[in-house]
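What follows is a short report on a single structure.
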């Protein structure tokens, strides 16, 4: 990759601050968040694998979501921690490409997985008697495989198009990871065809899953309204509340960052929003799906041999 008469062999990640004192201050909360992410998601995966009561389609998807979040957070946070405590802020061209590829692949896969989870909730509420048949192990496994396949195939398209751009400006990335907005800022000229690729990927990986989720919830609401008892309606809706929170937080931040024209990118503002879905969201997911979940609490109590009052 040539830049003027030079070859771009590395990029410089500025991170959140160039102030050494502020960097050390930021190291502590990021380490805490990453530790909670690892512990929370790993614990949830262990609970789902060990407790037979959690061997259902819903928890199968939650377990895969936790696995995705473990991987997703590990793409960013270790590099952030190193940047905070090291004077070397560089990342090699190959390292930047790899981080970009896995970032996109995991983000797109999570979009598809959240859509699959919405369909699972629709199947459970609309026709509970046929739920086990509709969401068999084969169907659940296929949905997860399709999520990963779709995510990483589209990541290949995005990565190949992004890293064939001509980077003729500075090699300084005003962000904490290699992402579309800061890389576009470094490009000499962003072709219209590249912008078209971005819109295509946004439509196929974010807008389409969003529409599928909305359609699922329209049918879910219709099914809930057919339930006669108020208690039955509340119970049915409670099984969707965690997923709704997760979808709103994740898709909201994704759409804010990537649904705008490249000319309107604001790196400082986008940096804060990116922090939420790349670093904080993977930590929040285990809490969202477990804090109000009696089955998970019971599995946790059983695993650690705690009294019911201890949880």
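Cβ atoms here come from the backbone N, Cα and C positions, even for glycine.
For 40-289, the entry in TrEMBL reads domain 'G-protein coupled receptors family 1 profile'.
The annotation transmembrane segment is assigned in TrEMBL to 24-47 (among others). Packing against the transmembrane segment (24-47) from elsewhere in the chain are residues 15-17, 54, 62-63, 66-67, 69-70, 73, 77-78, 80-81, 84-85, 279-280, 282-283, 285-287, 289-290, 296, 299-300, 303: each is 6 or more residues past its ends and has a CB under 8 Å from a CB in it.
Summarising the annotation, TrEMBL assigns transmembrane segment to 59-77 (among others).
Taking Cβ pairs closer than 8 Å, the transmembrane segment (97-119) reaches residues 58, 61-62, 64-65, 68-69, 71-72, 75-76, 79, 91, 143-144, 146-148, 150-152, 154-156, 158-159, 162-163, 177-179, 183, 201, 205-206, 209-210, 212-213, 216-217, 243, 246-247, 250-251, 254, 277-278 in its own chain, all 6 or more past its ends. The feature transmembrane segment is assigned by TrEMBL to 97-119 (among others).
Cβ atoms under 8 Å from those of the transmembrane segment (139-157) belong to residues 57, 60-61, 64, 101-102, 104-113, 116, 119-120, 197, 201, 204-205 of the same chain, restricted to positions at least 6 beyond its ends. Here TrEMBL flags 139-157 (among others) as transmembrane segment.
The transmembrane segment annotation in TrEMBL covers 199-225 (among others). Within the same chain, residues 107-108, 111-112, 114-115, 118-119, 121-122, 125-126, 150-151, 154, 157-158, 233, 236-237, 240, 244, 247, 251, 254-255, 258-259 sit at least 6 positions outside the transmembrane segment (199-225) and bring their C-beta atoms closer than 8 Å to a C-beta of that stretch.
According to TrEMBL, the feature transmembrane segment maps to 237-259 (among others).
Annotation source TrEMBL lists transmembrane segment at 271-291 (among others).
Through the fold, the transmembrane segment (237-259) approaches residues 58, 65, 107, 110-111, 114, 117-118, 121, 124-125, 180-181, 198, 202, 206, 210, 213, 217, 220, 224, 270, 273-274, 276-277, 281, 284-285, 288-289, 292-293 of its own chain, all at least 6 residues removed from its boundaries and within a Cβ separation under 8 Å.
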